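Per TrEMBL, the features are:
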- C:48, C:54: NADP(+) binding site (BINDING)
- C:125, C:126, C:127, C:242, C:243, C:286, C:301, C:302, C:303, C:304, C:305, C:327: FMN binding site (BINDING)
């Protein structure tokens, strides 16, 4: 059972509501002797933090993470690591009428229908604020991966924002960390900024996005078929992020339009092992990594919290017009980038551990 | 841990290889007192069975399922239900050279790299034949759902096969069961047949497909946020199916291109509860069902087993040209339809049970 | 996987070390709409708290629990409940030499051998202080059980302390809460006090204990055979408590000496259902509750932290004499009583939920 | 969730009823490349098999196990291993009246109360016959342990049968496999035989037993605190066996009567690592193995199926006298010996794998 947990062995349980005293993540199963302190995690939280640029929520919280357990003398001990982020700025007055009104496109109505009770302050448990806990847990996973798989890189970036698409011919891996959209094309940043500024200030609207996360440098052999396939677990991890509506591995949905002669990546022998002529598979075959770049992509819907009025109903079934005046991102997809990276980091570490459980550190099947 | 199991409470473990003595599913957690016999399951297996039409593998196995446990006097007892399908037609001589060769686009190479051993006969555990066990388990879930949620319907159909797309303006729910493509448009069937026939016999090629599964009649309130969301579990279930590369809920990847004013489904009050102006959400908000149709869609890549030669390598790293002469479907996506339905049935039952665990049969949050 | 979690659906994860900033429990799966506040939990923590009487550790901490999530407006929301207890009194100087020395009978040596690192302050994760988190979680379970099974009682009491045994002919259910030993015989309390006082002050020794926990008022039908039997889960819950070395259900180990004619509880028909002539079974048959009192009993070893010198070794393998000068209970079994109760409460709630998952609130098999 | 499964990574699901077509175990997570065939498992099944001597059930079934999956070319492949035992001798006529009658001391009544349906033939799922599947799975675990921990020994033996106790001063490890009671004292066998013969033929009675299982040669460091402690998992494994009412580790319940000066095992430095002056701990400290012999002991109640009449009721609540005429063991504890061994083997392998997941094959904390 895993209502608020994910992972097989590196197991993360997130807890907390948007406007409660605190939220966080309980991280179980981390390998011992991994160097860890709060600063290492803060880096990633700062990346996700609202108020980073003018396109993300202006709520100005430090999002300071504390490590309450599982670390001694600067190293993990193999026991549960409790990560807590206190909610210091809880302007719940902004959210008063949400208690009796269901915002279209939000989980207000379904939480109510399921539980018969919900914390309406800032969306409660269904708020995207929950992803801060994931990002903190992902930071732990990154530190463990550094020790277990040195050389592994995990990077997320935007490939689409509404009508704008990444031009893949200009793909620049190094540009990703240099602009507020994590866009692998610095030259396009101004256009993306203008587009979003116009959308927010003039059209009072929001927009969806597509994010791609690449894992580079993973060895072949990770993944546990049939139902803990690496692609299955990555897909589930991404789909669990707020507002995600689709997930793709490699070719993704476009595979439906391909022929066998186009899709299969041909294999040749390189100096260091097998080489593939292409990467339609997204680095995963039969649920197991092939040694190629692992490529997962997901779509985030536009936030429904906009200034433009929308029709809805109240708890008593009365019609009501909903206008969201609070602080909201015009494109929540931007902040989904570090969240997607964090989820990928957790899944990769989990699968390294799962592989070791069954196979140990011993030799894998050799080729050549 | 769940390498070969899925589900939280209604828990299915599949076992078996393509060319071993048998394969099957161990189904744990089924409610008691559900009428069940092998014939009820056979219906669904026959739907998935190879050799049903000229477009699917000619391997001619009866795929006869036996119930070895968990049923007494025609009813489930609440104990594990063992479903076994014996492999009667195991022409393993067809597959001889696979032992030393890695077929491009197949899991041959990754299974070898992971385990250092693999059963090469018919793809072993990575064969699509494993999905027969899922279909049998899905049959059990369907019978339980009949008792728990009478009126629920689960239907899968194709929406794309290579260059051909379903014309949604001609969507006909009743046509789905009337043609070999499970196409909701009988008038298009001839075109699809011709397309596939040409592809197979003239071009010696295969093609991808997109399948949509709709769950109609599910109550609001199913789904267990944050990490056992209904959409997360449905997505994982579909991604675990062989050859699936992308999964979408409602708008899916297209959500990346939408604006907030376009995407959010507005709410009004109907006679029997809330009504939605549209279903971009695919029936799920915040991971919980809203009472609308639940819509999940997935893409299946074209099989890599084709008569056209492809470049690859052997275990010793030697280059080799691979031509697959065995019996293979030109579009494995066709047979993925009943598999997707079966996975949806299992997930839905699981979530009904999960909901009852926390909430019992008691009242939900009322509206109006 | 569940290294630091227990429970199938009502799932508790404890975290924290004896002398870290805080410890606590992440409680997932609690039913919604259960009245809950910190005071309700504090009652049980106060019962377990050190310094309650002269026989338990003099460490004087308030052990104040805070609820950080999962509760809104005084009621549970169905989302994870984070319970945190800050460590305010961390005299770690008391524990300095433990870092290099292995105390006999403690987990110092095995934690070191397993992890290659350990938090030596107060025993770190292996400290009995971890049980405070269980007691808090047990308080949540009790409140939920009140709503789901009104009338259910869970009581723990001592049946043995070293050479002293409870005289069952004088068993007084109401006396249990009236004395510091939770002894169901007020007349014997003075003897127990004298015994323990002498042991501690004159003999510088400690002593073991046996605790019995009774669940009264549970309906028949709880328990999920074969591997989630009610007795299996209760037994595992008790064995996971620090220093426990044996667990019994009903007759327990004495069953080995009985004959069939002596052991089986005969059945007759009463006004409200089946009656049993005796309760050798401890209220559980085939892993399922029978409606009788559920009786589980466990033995706690004497603490190894005593003033009498013991032989041991250091990390470098040098011989060393260990004398524990810190604050320690002469009989840790006393404080194990509320812990055992808490574990029983969690297991019972978990099984009520598990039963509902499979069976709903519907009718059970009727007799008569 | 794990109603019919146990183990974290090496995960065993048993299925099947006493008189259905077959029963078996689905074994998931086994390491690959372990030599395995049916004969290796049959050895252990033959040890458990009824009809082995005059003291166990005369039902004469070959209990032939078949491996249906997960093995290729004589080696495990890392995929699920399906073990099936067909029920060839199903004299269900012997059990006719059980359908309407509840046998005292049996699970008849609680299965009925829980599920509202039960398979009465031979006790259905609650029959001790289910343990044959465990023994087969334990055989797989033993083969994997041979490869992972060469030198490990797992032996079970009786320490008590009713009024008779093993004389530990005459303990002979080599005698265990030489007599039908697995008694470590050949000289006492005749007395045990006479006792049991008299009990069965003259007194028409049955008797309880205590079994001890020792794991010799396990390295220090196995076990995953807090809730997957090695002793917790061993205890749960034993308690899940039919008719078990108590489980002890090392001193067990007797620890309640000991003092700290008596109980803690003192430590000194030997040539190959730490040495302990005694083994009151049963080889486990803080849930982690210490390198000493791991000692677990459990009590099996006397079977309630005896020729002596017992009072009970029928489904309709009518009083009835129950006499069990079928084939039943006077001491089911005898056959519990190989079952206990099998459970211990599964738990040990599971913990070796769990340890590798978190720690890999790397170095442990060193002493000296």
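Heads up, the Cβ atoms here are built off N, Cα and C, so glycines get one too.
Location within the structure of each feature annotated in TrEMBL.
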residue : record               : DSSP (3 states)
C:48    : NADP(+) binding site : helix
C:125   : FMN binding site     : helix
C:243   : FMN binding site     : coil
C:301   : FMN binding site     : coil
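Those binding-site residues from C:48, C:125, C:127, C:243, C:303, C:305 lying by chain A, with Cβ under 8 Å from one of its Cβ atoms, are C:125.
Within the same chain, residues at least 6 positions away in sequence whose Cβ sits under 8 Å from that of residue C:125 (FMN binding site) are C:16, C:17, C:18, C:111, C:119.
Separation of the C-alpha atoms of residue C:303 (FMN binding site) and residue C:48 (NADP(+) binding site): 17 Å, rounded to the nearest whole number. Annotation for the binding-site residues C:127, C:305: lowest Cβ count within 10 Å of the residue's own Cβ, C:127.
Here the CA atom of residue C:48 (NADP(+) binding site) lies 14 Å from the CA atom of residue C:127 (FMN binding site). Sequence-distant neighbours of residue C:243 (FMN binding site) (same chain, 6+ residues apart, CB-CB distance under 8 A): C:128, C:300, C:301, C:303, C:332, C:333, C:336. The most crowded of the binding-site residues listed here (C:48, C:301, C:303) is C:301, judged by how many other CB atoms sit within 10 Å of its own CB.
You'll find the Cα of residue C:48 (NADP(+) binding site) roughly 19 Å from the Cα of residue C:305 (FMN binding site).
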